[in-house]
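K.L.:
Please see the structure below; I have some questions.
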Amino acid sequence: MTGETGPITASLPVDMTIAGFFAIACYNCVEILISLLNRFRRHDSLYFWSIVVATLGIVLHSIVVLLRYYSLGPNFPLAALTCVGWYGMVTGQSVVLYSRLHLIVSDRAKTRWVLVMIITDFFILHVPVTVMFLGSNTRQSSRFLPAFNLYERIQLAGFSIQETIISGLYIWEASRGLKPIFAIRRTTERKVIRHLIIVNVLVVLLDVSLIITQYLDHFQIATTYKPVVYSIKLKMEFVVLNKLLLLVRHRECNYTTCGAFFPPLPAVFEDEGTRPRWVEVDMPNITLDEVEQKVMAAKAWKAPGEDGLPAMVWKQLWPVAQDRVLHLFRTSLIDGVLPDQWRCAKIIQLKKPGKGNYAIAKPWRPISLLSTLGKILEAVVADRISYAVETFGLLPTNHFG
């Protein structure tokens, strides 16, 4: 059969269709790469590199298939490169979805099982098809071709099921786990969740169209249509997952309500008079045990501030970061300087239910989220102050509460 074993002989309409698919896939990939490099300042995340691998995999697969089908290079090396591009295109796309799954799935066991599924499918589906496909492009192709034609359909269905499972997990968790966002966010932000659901439904429909093409024995069309499908899916997922990130991590404070929550300071301060001066209390440096106790007592997944690091991160890093954190805390107290990052809060506005006019500040409740390390230092100092007040009698005798 043409395509599986080497160059093809096709009619003009088929040639034009293949060329059109090639152009669409490559154009989508160029647009994705430009948007990616323009949007991301840091290039050290799994999400960034998985998109790069998936995009380059689509481009490589498209170019190599075109060269191979029209005898523009040696067949076997091009067949091997086809497999490399296929790895990045298919598994890379699944890793893209996995890398953003933590935004809506709080259960780490679920995300871990998704990763196990991706790795397992790589060895179960990619590796056997690679062996059969390369064998079909040797002189002994008759020994491998029947098995390849059968397993090719199996792997296509298998990877489609894998992506359907991940997409279904997005839809389920978005509709179930993000209900508070539906309740407290404005209409424009609720649309992000709807777009997430729509995109994942379209991903499933595109996979179905690809399976139908493959099962109708149009191998040469299916292999050139596949990069188009994956480039469209990647493009849609890139847009909606970035919107989801902005929705979950950050919500800018409205200028009108923020002005009401935080009015400007008065131009003139009244004199409060002289204050009593107490004898200075000599306090020893804070200890590692004090800090560790507060780190471990912090709620693991409580919403973080601008640092974006919940307490769970510091609990996991504590064995290697404890000395540096202790040094940072001691230096801050000795120098009397609190880092700006710990002084700035992220303000989240929550609607008070049934309050009517949400265009003014009164129906909103501002929630202040501080950086985790700043809150831990605050807890340590609060214990020290409480101890000093009680031990040295620093409160007036008529003070209650």
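Glycine is treated like the rest: Cβ placed from N, Cα and C.
Feature table excerpt (TrEMBL):
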- 5-255: domain 'DUF7703' (DOMAIN)
- 16-34: transmembrane segment (TRANSMEM)
- 46-70: transmembrane segment (TRANSMEM)
- 76-101: transmembrane segment (TRANSMEM)
- 113-134: transmembrane segment (TRANSMEM)
- 154-172: transmembrane segment (TRANSMEM)
- 192-216: transmembrane segment (TRANSMEM)
K.L.:
Do the transmembrane segment (76-101) and the transmembrane segment (154-172) share at least 3 Cβ pairs under 8 Å, sequence separation 6 or more?
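P.N.:
Contact between the transmembrane segment (154-172) and the transmembrane segment (76-101): present, because at least 3 Cβ pairs are under 8 Å.
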K.L.:
Quick one: find which recorded stretch in 16-34, 46-70, 113-134, 154-172 has the most Cβ pairs under 8 Å with the transmembrane segment (192-216).
P.N.:
154-172
K.L.:
Which value does the mean pLDDT take for the domain 'DUF7703' (5-255) in this predicted structure?
P.N.:
84
